[in-house]
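Enquirer: The structure is given below, and queries will be raised subsequently.
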Amino acid sequence: MADTETDQGLNKKLSFSFCEEDTESEGQMTAQDIGGAQSQKPGREESEELEGPVPPTRDELHTSLSRDKESPGPDLWKSVSGPPKCPETPVLHSKSKLPVPTNFSTPKNSLGQPEISLLEKLSSRSSRHMRLTPASLMDEKTSLSLVNINPFTPETYRKLLLQSKGKRKTRDYLEETGEEESKSVQWLPAKRSILQETNMASRYEKEFFEIEKIGVGEFGTVYKCIKRLDGCIYAIKRSAKSFSGLSNELDLHEVYAHAVLGHHPHVVRYYSSWIEDDHVVIQNEYCNGGSLQAAISENTASNNHFQEPKLKDILLQISLGLKYIHNSGMVHLDIKPSNIFICHKMQCDSPVGPEEAESEADWFLNASVMYKIGDLGHATSISKPKVEEGDTRFLANEILQENYQHLPKADIFALGLTIAVAAGAESLPINGDMWHHIRKGNFPEISQELSDDFYGLLKNMIHPAPKERPSAAALARSRILWPFLEKTDELQKQLNLEKSKTATLKRELKKARHIQTPQREVHHCYYQICKGSRHLLVGGRRKAPSSFTRGTSSV
């Protein structure tokens, strides 16, 4: 009887969610059992106060499970194949090709429910209790399933991250550990719902002071904010879609890409991201000059446009940013004026001297205006692309035809049309005959005359054949964009020639010194010998030793 009382009390402590079982067990208890239960009641109340709110009941659990069964299955993770025949012109809308379901669920949730054990009952408890209990294999797999896998990190890096000290395994490994273990993992809670449950208090209101709304785009709304701790201004972007409504990892590509890219002078800097109120929040660098599109609109209103020197400056700086992105194994795929941002350097900023410049990008650190690439929502990997079409006005034809062999050249095509718009070209067509006319290599009409070299470079950037377009690295070292590069090369050749002459003179001087050194040593020795012999001869004639003189005189 004592063992029965202990087991019943333990089961009552471990499973609060099964209220019906507790009611039935209380109805079958004897008077002695009731007395034992009453003696254990204060301990139960204390545990409830320490552990927080009671988890959902069985009815609520059944409702949530049935909802998960109705959610989409593994088809969510497969890319939708295009139509049998590639379109000849883009459609009017620029929506994603991939389906966007309203309810999200991992593929494993579509399978049957396994038997619920005591360990699974413990997993439904609060996170505070889980930290106080020993971690089991199920807990480790649960926490692993809640970790996002960044598609832009190398496979070896991900394995090193997840196999630290041989304790953590990749998802592929977990799927191959057998049917029994896979069944236990199949009914794990969805990653996104867990992130919502563990969401902290409003970080946005706690850490930032909102100044104004500065932009609204496809991703969401951007606010200008001051961080309360450091007093600096940041651009806080809040997603329009709810986090639970995001269809797939493409919606998180901006976070993934920013996290991998790191810091570059010509890419908008990324600081942090988090989930708040079921929306993705991204903390980025604030560019005080706004977007290039806003500057173009102001120029159009005043019947003024960027002149060739400024156009070259924009093209060169964005080429440096694209070169960095492409060298990182990614492409942007949505280059356009609204995704290029301007930073005006403050007067208090000190310029960087030549001795501090470590790369070609540092040449512009002392420039008064910096141009940066932002909005990496369409970024994808070059080796394993998952392409989502950007703005059709700047879209290369090969992307429309789903030819992804030369993805970096699609960014070059879009950059060429971006410079055309900045130079004064009218609004680019979304589709139709004019759209195809530009894709045949015809540069849009502009209201100003450009030099032949620069115009030829821009026209080559929108060449119909992707292979014929220059790379971002080639643009970054183009003599057309570097007006002083030819003169610099000439001065560098003269400097190298003078260095060669100086080195030759040094070698000849060293050789001459080496020849003169033995002669000086011979003359010095001869002088010392002659001086010593002369001293002996003179001393012998003039004066005898004092002891000998005294001895002679005494005799």
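The backbone N, Cα and C atoms fix where each Cβ goes, and this holds for glycine too.
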Enquirer: Among SER15, SER239, SER328, SER427, which is annotated phosphoserine in Swiss-Prot?
Expert: SER15
Enquirer: If you look at how Swiss-Prot annotates this chain, which of 380-406, 488-514 comes out as coiled coil?
Expert: 488-514
Enquirer: Which one of LYS237, LYS310 goes with ILE214, GLY215, VAL216, GLY217, GLU218, PHE219, GLY220, THR221, VAL222 at the ATP site, as Swiss-Prot has it?
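Expert: The one candidate that Swiss-Prot places in that ATP site: LYS237.
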Enquirer: Average the pLDDT scores across the coiled coil (488-514) and report the rounded value.
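Expert: Mean pLDDT for the coiled coil (488-514): 83.
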Enquirer: Which chain-mates of ASP334 (active site, proton acceptor) that are at least 6 residues away have a CB under 8 A from its CB, listed by sequence?
Expert: ASP375, GLY377, HIS378, GLY390, ASP391, PHE394, ALA414
